[in-house]
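Participant: One structure follows; several queries about it will come next.
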Amino acid sequence: MSAIGIEMNPYTKLSGADYNMPQMQEIEMDDGATAVSAGTTAASAAFTSASASGASASVSAPGGSVSVSGSPAGLAINTTASAEFCTLSIEETEQRLATNRDTGLSSIDEVAARRATHGTNEIGSDDDDDDDSLFKKFLECFVEDRLILLLIGSAVVSAIMGNFSDAISITAAIVFVVAVGFIQEYKSEQSIAALSKLVPAQCHLVRCGKESHVLASTLVPGDVVAFRIGDRVPADIRLTQAVDLCIDESSLTGETEPVHKGTQAVPAQPVVPISARTSIAYMGTLVKEGHGRGIVVSTGSDTSFGAVCKMMSSVEKPKTPLQLAMDKLGKELSLFSFVVIGFICLIGVVQGRSWLEMFQISVSLAVAAIPEGLPIIVTVTLALGVLRMAKRKAIVRRLPSVETLGSVNVICTDKTGTLTENHMTAAQLWCLGTMKSKENVLKLRSGTANNGHLRNYLTDDVRETLQIGTLCNNAVFSEDHAKFLGNPTDVAILEELPFFDLHDIRAQYNKVAEIPFNSSRKFMAVRLTTDQDHQTRVCVKGAFEVILERSTSYITESGKLTNLTDSDRDTIIECANTMACDGLRVLAFAQRIEDDQSTNNDQFSESDVSNLTFAGLIGMSDPPRATVKPAIEQLLQGGVHIIMITGDSPNTAISIAREIGIPVTDTELNVMTGEKLKTMSNEQLSNVIKNVNIFARATPEDKLNIVNALKERGDVVAMTGDGVNDAPALKLADIGVSMGIIGTDVAKEASDMILTDDDFSTILTAVEEGKGIFNNIQNFLTFQLSTSIAALSLIALSTAFKLPNPLNPMQILWINILMDGPPAQSLGVEAVDHEVMKKPPRSRTERILNKAVLGRLIGTAICIIIGTTFIFIRGLSPEGEITSRDTTMTFTCFVFFDLFNALACRHATKSVFTIGIFSNNMFNLAVGLSLIGQLCVIYVPLFQHVFKTERLSGWDLLMLLGISSTVLLVDEIRKLVVRRLYPSDDEEASRYENQV
């Protein structure tokens, strides 16, 4: 076992008072690594309930990533002040913070000094000038993208050469693209704002012996605060008074059960899990029952919520595959431009032309070669994808993330509420005394069952099992809703009582202490007393392995206690596994009855939950959503690895996985428990995770390790989550997916996509949309670059062979409008081809201009060049002079080629007649308007004067249409050959994959 060394800074004194706040300096691991202190590194502990002590760990964020490593993996060390103060008595806390539990801080000067040291009680309040920071980020957007830099260079060159219209249009395009992207990125960084919403605006303060109602932002360590039911806790507080105090910590820990709080110090240990600090009330959590007061031990960014905020700040969202591909495209276009400049200059100089003249020509050609409309079309296409996905109940928060969904090859998903309906019902009940073996499990109510129909099965052990489930229960009956509200498991137990003619007996007992359920403890326990007798009753429910380990006897059919033998334990385990194999979540119920009430009920800890009497098992059913299985089938067919993460037992998880279609062929390879995960390093996990389809008995904290292991393998990962402790993993994943119904605000802000219906099948539609968007981007890129190459080559050839320029500047401008305008943009709204789901996800490093795309666009460009050159040469006079008619014919031919090319580029492999000529109304409208515009250029006198054109006869137009349609014909032949050579989608997918 590794050792953990924690070095403390010297305590700091303020204003001469004996005020000492521990400052965590560094955490040294046994391998010599060091995790840098209290801020970003320590922040991970705010959402990690350390599952073991004495283990090495590190949390770092180099280069925009977060690694959680060590032995065992996944252990994060919490260095927030609450970790220290939860182990101190109230008197020690008073002495450490130089305050008084009744009167609070005694001096206003002391308050001012502490505020100067710790800042205001606000998350993110220590940032620099926000306006300057935002402006700086906006400016950085202009230099981060090579394509944007290339366009800036084009605008500058155009302005220098006097082409101000080009310079203005390119600059406008740059500003538009950068502004849209910046706004989207800014919205995605609002996690701090979401955290701040959980901090109450005001609180009940005791200071200098006086109570007042003040702004929570004015609190400092040492202040005394009171709170009652319905209040949000304004800071991290060491409790000094707790009367029936229960606090909902789900926004921080993800646990749905309210936590019973007390004033007793927690036993000291190397690492106290955040969920075990029962003497601490955390900032932002909600008081559900009772009231209390306590001493503020940390404020603002030093609190547990603040630690999450720091962790979020340290996790830089990785670039999406599309952003990486666009970076590569920028490099390629830059290289292409320089090659063009050098080539044209060389030819011109060899021909005897001046250096200055050739430089101007070559730079003009290079600028013309850059498709300045490309970033706009990419942005518009992504934005339209966002709107379409919103209609399909998936809200995308980061614009580039839309396309990233098409690259996802691993989806890590929660089970409850995402794969299942999140509605628990009690399906089976089994007691050792009555039923003896696994074959005698009692099947509970069906949809048509009546109250009391199970009363004949009510033996003493069955009664005790149901009563324990009732007493160890926090669900409440709502008069407004006329039903029980609370944890689905608790509600399911209470809803089962009428079928046995039983009633809720909780009013007959006084609950004096509670140990809440959490994912590391895996059980819930309550201590109860009654006024009628002098007995204390401890009721426990939880995972059967944990309950059975703490049990020494069981209840017989007649209510007697009998010692548990090894054979009995084997029978219980066998029955529990049988239930789990039916896809049920199995809970065990046990109790201990003490004959006197002299026990110190305030000191109720996990060590008191022992020597229990086993009562029975209840199998809970949470059926899968009907839409999940077909969605998983399609995702698996598309090469996506589905990983289910659940807190259930392996057998339950395996049953559910098989029911919904997640493959489990070898339980040793395909299933891993949270306990085993914690014993593995990230490297070990990376080596085996490719075969893992299920993580059972896993905690939310394990997700960060899973994401790291997958990303080390180069996978593109989508991760679902709903709690605050999921937020760092959601942000680190390529696509963080939060739940719209059960998700916390912080999880939503950290995510890239929100499922408004919490339904896993919505991810399928999002992945399909992402793949379709990338195909559309490739299609209009093929159109743009083929047109650009054709125009460039046409001018370059005429220059090289000393021919007149076939197109004048206004005609080139019109062609650029078509290349970057409506016809190109309408390709971005082409309907998604459902067959894209049969193709594997593309690699993170795959180029947009892969071999297939390059082959298409070069072939198309050659076709356009040959046809247009033929028309141009055909119209030249014997002396080699160009006429207005020749220019008009060449110009119109090129435009017609452009429009037919756009039609051909609607799909890479399917015939335009297969996908439907009229299936994209926007495209047809754009092409129709472009055609009308071209006819106006030819026949309207005003435009004839501007574009230097003349009227063409009907025969001329028919001839041009016939020649220009060859680009569509050639592409249709290419598509036919592809379909004949690769008739199946799988073969076609492999072909495209191998071309990268």
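Just so it is clear, glycine is given a Cβ too, placed from its N, Cα and C backbone atoms.
Feature table excerpt (TrEMBL):
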- 84-163: domain 'Cation-transporting P-type ATPase N-terminal' (DOMAIN)
- 167-183: transmembrane segment (TRANSMEM)
- 333-351: transmembrane segment (TRANSMEM)
- 363-387: transmembrane segment (TRANSMEM)
- 853-876: transmembrane segment (TRANSMEM)
- 888-909: transmembrane segment (TRANSMEM)
- 921-940: transmembrane segment (TRANSMEM)
- 952-970: transmembrane segment (TRANSMEM)
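Help me picture where these features are in the structure shown.
Facilitator: Using a Cβ-Cβ cut-off under 8 Å and counting only residues 6 or more beyond its ends in the same chain, the transmembrane segment (921-940) has close neighbours at 814, 818, 821-823, 825-827, 829-830, 888, 892, 895-896, 899, 902-903, 906, 947, 949-952.
Sequence-distant contacts of the transmembrane segment (952-970), counting only residues of its own chain at least 6 positions beyond either end whose CB sits under 8 Å from a CB of the stretch, comprise 859-860, 863-864, 867, 870-871, 885, 888-889, 892-893, 896-897, 899-901, 903-904, 912, 938.
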Participant: What average pLDDT is reported by the model for the domain 'Cation-transporting P-type ATPase N-terminal' (84-163)?
Facilitator: 78
Participant: Go through the chain and flag residues at least 6 beyond the ends of the transmembrane segment (888-909) whose CB is under 8 A from any CB in it; none is fine as an answer.
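Facilitator: Residues 775, 778-780, 782-783, 786-787, 790-791, 794, 806-807, 811, 814-815, 818-819, 823-824, 826-827, 830, 833, 852, 856, 860, 863-864, 867-868, 871-872, 875, 915, 920, 923, 927, 930-931, 934, 938, 947, 949-950, 952, 956-957, 960-961, 963-965, 967-968, 971-972, 975, 978-979, 988 contact the transmembrane segment (888-909) from elsewhere in the chain.
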